[in-house]
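Heads up: the structure comes next, in structure tokens.
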2 protein chains.
Amino acid sequence: MKATGVVVEYNPFHNGHLHHLTETKKTSGADLVIACMSGHFLQRGEPAIVSKWARTKMALAAGVDIVIELPYAFATQHAETFAKGSISLLHEIGCESFCFGSEDGGISAFEETVNLIQSNRDTYDASIKNYMNEGLSYPSALSKAFKDLKSSGNLIDLSKPNNILGYHYIEARNTVAPSLQAFTITRESAGYHDEHFASPSIASATSIRKNLFDPDKEENVINRYIPSATYEILEHYRKEFGGYHRWEKYWPLLQYKIMSSSPSQLREIYEIEEGIENRMIESSKSALSFEDFMNRVKSKRYTWTRLQRMALHILTNTTKSEMNERHAAPSYIRLLGMNKTGQEYLNKMKKSLELPLISKLSSADKKDIFLDMKAADIYSLGLSSNEAKKKLLHQEWSQPPVMMR
Amino acid sequence: MKATGVVVEYNPFHNGHLHHLTETKKTSGADLVIACMSGHFLQRGEPAIVSKWARTKMALAAGVDIVIELPYAFATQHAETFAKGSISLLHEIGCESFCFGSEDGGISAFEETVNLIQSNRDTYDASIKNYMNEGLSYPSALSKAFKDLKSSGNLIDLSKPNNILGYHYIEARNTVAPSLQAFTITRESAGYHDEHFASPSIASATSIRKNLFDPDKEENVINRYIPSATYEILEHYRKEFGGYHRWEKYWPLLQYKIMSSSPSQLREIYEIEEGIENRMIESSKSALSFEDFMNRVKSKRYTWTRLQRMALHILTNTTKSEMNERHAAPSYIRLLGMNKTGQEYLNKMKKSLELPLISKLSSADKKDIFLDMKAADIYSLGLSSNEAKKKLLHQEWSQPPVMMR
């Protein structure tokens, strides 16, 4: 059986993801699709609106055959580490190829871009560093440094968010899994960050979440953009757990954590450096909400996403040493869900896996999965009722992989 | 001008306190009374129901002339350190005497008891240690060890809570301020821990708080037990800040803090030892309230009070090293309020004070008052609305000493 892989967040699963999935199957000619999906917390440093279990159901309902978890140590990182973790896992679970969505849509342009940068590595890195010392954020510095290479040829536009991710997928593939074949397909209509509905059936996850949280929303508009299974799973989650997860729900905890920490304690947290801890402590006392806090801390030097990841690591109390022990390479594969095809595939290849396959937390090495366990504990605190918190916490421990017949 | 001192919490100020105050003035023959009052957090490891500013107003309204703050490093400690801090401060601010309420009510019995124990110090300490190794709590071990000394004579009953405190006042006085004259008066009717109203006009602060929090309470019953000024100040606080402070309001923060900490991080917190951290982490995940949490952690070895102090130090993130740097002796006197007599007294003696007198936080040594500042930040988070939190936080920084004309 030939497997192909996708790297996803599905926050929530929508028609654009469905398109990607269909095209992935077609292009790769594989027998099954394996999704490496972020857990409760995401790359932009925010909580997923519903748990990884609910999002696994969405994926399986849409035709994904196996869902494995991208651990916290990779899922909440800048593109390079995020890509290294996800591509490694797809390779470890036996994928022969993987397919990502991008703005450019041609795999050779990605490969040429990676080659160009790798053969100019020193100049390029020095140039990024210089731009950052001038006060630019990392993405802006990277984009400028890339332009400076001034090469002609078939290159990608490195100012587009999905191209940046794709660039890192190819770079990671070259390093950790050279045999893994890469495909890319053009994303349909909606931009990654779009907040408004533009196309008749494809919308960004950002605009869908915005609609979900809008108290004055038009009923059912959202159904044009998401499969009916996604809609049902979202509604069911909202009723079962009393609401969706969003940063504002965690704000009282983050505020307390920052307020009660000394600057040196905050500096032990992953990514906290350069004095940002003082700015955060000061802002935590006057901010009236998470958004207000972020706006107070924000400066040209830091992207919103980077600050949000810092806030997330503070919230989950993830220290530099905890992260550094774990983000070199994944040490386990956590199975979140599968269908019959997926189960058949795993039965055949289980014995040849080099990493332990975790089906239930209770039988896992606690040191390995420590950060994911802690993330699940904290994620549950974003729910309003005690019963819902306890239920979600319990689910993390007792839930076997979701099975779709 | 002759000053006498009292050590108080006034949580809230009631008729028993008024009796103590009247008797203190009478017995000491002093011109003014200085109260050394705990700040936002109290000796039993709990938040005061209203802020130190509101409680200062209650004290001044009842005839106290000066209110100074017993810092967090002493106010939230077992009797020995609590007594050392408060007696030192009363001595430093120039009191010639102090007066405490007790169950026994005769000062010579206290002095004889202290002498007896001091001349049997080694046997006594070893005996306490033995009993504790057998699994007894500190108060029970102390009471048993004391009985073992088997001396006859005019001794106090060391199983009574106010006698224990009084014992430590006398012991502290002998060490840090031998010239300070001690008086004691018998507490009227209500026991320290009494939860029910027993006498027509005197009730314990515990029973008064219980009544305040009781949603089905009979209206105005409480007025029999507290001066009308206390009642007005309580009502005003409730309206201004949206409610009283109690542990349950801080439970989501404590739960989050314990859940997100590693055992070794919890062991850095003051008083956390002997593996209690593991029990706390486990209990934090299943507990549905602060009381539920406490009942899960409680064992014969620890008194409720001791566990509550541990919980408080976790909540305020007070580490062993922060506490150990500060609880040897007070390094400042924080002035919370005064009346005209108090002002006159301070004007006369200000220059001879050996410790800095802090009237406003903004002009204080930040390292000295660090724990009190942090305690005030965290205390404000027990209020419900953002506006109330911010108001209380701001008050800590901008409030000059309360003046009563």
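In case you wondered, yes, glycine gets a Cβ from its N, Cα and C as well.
Marked as ATP binding site by TrEMBL: A:7-20, A:Gly101, A:Asn162, A:Arg187. Mapped onto three states, the DSSP output places A:Gly16 (ATP binding site) in helix.
The local packing around A:His19 (ATP binding site), expressed as other Cβ atoms within 10 Å of its Cβ over all shown chains, amounts to 18.
In the three-state DSSP classification, A:Val7 (ATP binding site) falls within a strand. Among the binding-site residues A:Val7, A:Tyr10, A:Phe13, A:Asn162, the residue whose Cβ has the fewest other Cβ atoms within 10 Å is A:Asn162. Residue environment of A:Gly16 (ATP binding site) contains 22 other Cβ atoms, counted within 10 Å of its Cβ in all protein chains.
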